[in-house]
Structure formats: structure tokens, C-alpha cells
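Only one structure is covered here, and it is reproduced in the block below.
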Amino acid sequence: MTYVVTDECVKCKYTDCVEVCPVDCFYEGEREDDFMLVINPDECIDCGVCVPDCPIGAIKPESPGLIEWVERAKDFIENKGWKNITKKKTALPDADKFKDEKDKFNKYIGSVKIAN
């Protein structure tokens with residue numbers, strides 16, 4: 001099992017969670033404005049310590065309905081070169097504006113396809 005970062009993180013990217021992770025399993029794109037964080041499912045130890053630190057509730061335990069988020073995380077890390085993040089950074093500039101919006105991945109990032 002692993003934890004996954006879900007749609008709530010898209011266009012917000014609060015990073016409170018990364019500093020509490022005991023195994024440093026969070027990743028981000030190289031650009032400052034990359035749209036979200038992901039958890040490396042091969043590194044996550046399923047401790048859940050990050051969950052209460054996410055101010056928008058974007059981190060959830062893996063479940064059948066969230067498998068697509070596990071696959072996206074793997075794709076971003078393995079095929080798009082996302083790098084490990086271990087220190088808290090400022091959230092994206094419009095994070096407060098987008099934090100309550102639903103279905104953000106499909107609206108704004110849907111063109112990002114998972115590699116086969």
C-alpha cells in the first residue's frame with residue numbers, strides 16, 4: 001500500500017507534507033510552477049504521517065478508486081523526470097483561488113498522458 005496525492009493538490013501545491021515524511025518520498029516537476037506534488041509509491045512506507053499536514057486533504061490512502069493517481073505518480077517520476085522534494089516551499093501563487101475547485105486535473109492537466 002501507499003498514499004497518493006490527489007486532485008485537490010492540482011494548481012495549489014502546498015508542501016507542508018514534505019517536511020514530515022520520514023522517507024522523503026514526495027516529488028515535483030523541475031519548474032517552479034509545476035502543478036502538483038506526487039508520492040513515489042515504491043518509496044512510501046504507508047505511515048500516513050503526511051495526511052494531517054496537508055491543508056487541503058489531498059493525501060489519501062491508496063484504494064481501488066485512486067489507482068490512476070498511483071500510475072500518474074509513477075509516470076511523472078519515471079518518464080517525466082520529476083525530482084525529490086524534502087523542504088517546504090511556498091504554495092503556487094493562486095493556490096487559495098483553486099483550493100476548493102473540483103476535477104482540476106482533467107480541467108487543467110488532462111493533456112498530460114500516462115506513458116505506456
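Backbone N, Cα and C define each Cβ position, glycine as well.
Bear in mind that the values here come from a model prediction, so they are computed numbers and not experimental data.
In this model, the domain '4Fe-4S ferredoxin-type 1' (2-31) carries an average pLDDT of 94. The annotation domain '4Fe-4S ferredoxin-type 1' is assigned in Swiss-Prot to 2-31.
Look at Swiss-Prot and you will find CYS9, CYS17, CYS54 tagged as [3Fe-4S] cluster binding site. Take the CB of CYS9 ([3Fe-4S] cluster binding site) and look out to 10 A: across all protein chains shown you find 29 other CB atoms.
The feature [4Fe-4S] cluster binding site is assigned by Swiss-Prot to CYS21, CYS44, CYS47, CYS50, with similarity to another entry given as support. A simple way to gauge crowding: the CB of CYS44 ([4Fe-4S] cluster binding site) has 21 other CB atoms within 10 angstroms, across all the protein chains here.
Across the range of the domain '4Fe-4S ferredoxin-type 2' (35-64), the DSSP-based residue counts are 4 helix, 5 strand, 21 coil. Summarising the annotation, Swiss-Prot assigns domain '4Fe-4S ferredoxin-type 2' to 35-64.
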Long-range environment of the domain '4Fe-4S ferredoxin-type 1' (2-31) - Cβ separation under 8 angstroms, sequence gap at least 6: 37-41, 43-51, 53-62, 66, 69-70, 73, 76-77, 80-89, 91-92, 94-95, 98-99, 101-105, 108-109
Secondary structure of CYS9 ([3Fe-4S] cluster binding site) (DSSP, helix/strand/coil): helix
Same chain, 6+ residues apart, C-beta under 8 Å of the C-beta of CYS47 ([4Fe-4S] cluster binding site), given in sequence order: PRO22
Additional residues surrounding [4Fe-4S] cluster, by Cβ distance to the CYS21, CYS44, CYS47, CYS50 centre under 8 Å: TYR3, CYS17, VAL20, PRO22, VAL23, CYS25, ILE39, ILE45, ASP46, GLY48, VAL49
